[in-house]
Amino acid sequence: MAGVMNRLKNLDAYPKINDDFYSRTLSGGLITLAFSLVMLILFFSELRLYLHPVTESQLRVDTSRGEKLRINFDVTFPALACSIISLDSMDISGEQHLDVRHDISKRRLDAYGNVIETRQDGIGHTKIENPLQKHGGRLEHNETYCGSCYGAEASDDECCNSCEEVREAYRKKGWAMTDPDIIDQCKREGFVQRVKEEEGEGCNIFGFLEVNKVAGSFHFVPGKTFRQSGFHLQDLLVFQGDSYNISHKVNSLTFGDRFPGVVNPLDGVQWTQETLNGMYQYFIKVVPTEYTDVRGHVIQSNQFSVTEHFEKTEAGRTQSLPGVFFFYDLSPIKVIFTEQHVEFLHFLTNVCAIVGGIFTVSGIIDSFVYHGQRAIKKKMEIGKFG
């Protein structure tokens, strides 16, 4: 038994020194105190990293197909009235939506930016007050109302019962409705009067679009967009003048849901127009992004970068329309962020490395200081007796 105990003693990698051989110094105490403080700082830093999740990123080819892309926007136009702003979207697949109204809201703003009214997009409803019928006469008591489309009917039985329906029929024909005063529906609804009442006001338009996940564009323009001879034109209402101030502020713009840490470069961006009519263009590169939090919840979203360009609108150029245009293209590379905790064994390994490393380094420095002091003291003594 004694032999076994002796063998265990021989395996001791930490031989002990008798207390009589220890020499405690002031420098050693200061070094111990300083490095103990450093050790505590590093320990709590490692503990914080362990308790809080870290985010790892990787890149993959985006193989998703047939998905929809949600564009959330909030844009303020301080010098354009809500009644004349329309929103259009189109993509390279050929799908287009002109004068989008669903999921869109507008806030009328006064000259100081205060909200006057919040409403869903649209001018109003038809007032049935002895309206003009399609056949030219006035509505009788026993008749059903069927308003004229003023030559823009797609079929003989089509009716246009509101100013907006007449404008839509004109748009489908590729016509511009430049004088609403001659349209009975617009006069009865007070369309012209309402637009004139909003002169000098601004507009905050916000909502979202659901578009195909392909390259495309959407834009805010004054008037209603229609196509003629392959070009996009606008029925810029004659009572609004020939120039439009498209100064604007992008309060927020996101492609998909927000996720922790995302930075959208257009949030809060403001531009003031200093010349006459023009197109302000944003060219956006959308990067598909997937974010998985520590609980395993997955957020499918996007990041984007942007460049900006302003182009003056020249008279006679049908390709150049006043407005704010957002052109977006999608990257084939997908960024994947994964939020996860550091493993306990990894944390334990780092703590041991901190303790052992600090202990070793402090020992080296203490030994260097101690032997340096002894050498200096010895030389001073030799010089004193020499």
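Just so it is clear, glycine is given a Cβ too, placed from its N, Cα and C backbone atoms.
Annotated domain 'Endoplasmic reticulum vesicle transporter N-terminal' per TrEMBL: 8-97, in sequence order.
Tertiary neighbourhood of the transmembrane segment (21-44): same-chain residues 351, 354-355, 358-359, 361-362, 365-366, 369-370, 373, selected by CB-CB distance under 8 Å and a gap of 6+ residues from either end. Among the features that TrEMBL reports, transmembrane segment is placed at 21-44 (among others).
Per TrEMBL, the feature domain 'Endoplasmic reticulum vesicle transporter C-terminal' maps to 149-366.
As annotated by TrEMBL, transmembrane segment applies to 344-370 (among others). Cβ atoms under 8 Å from those of the transmembrane segment (344-370) belong to residues 25, 27-28, 31-32, 35, 38-39, 42-43, 46-47, 49-50 of the same chain, restricted to positions at least 6 beyond its ends.
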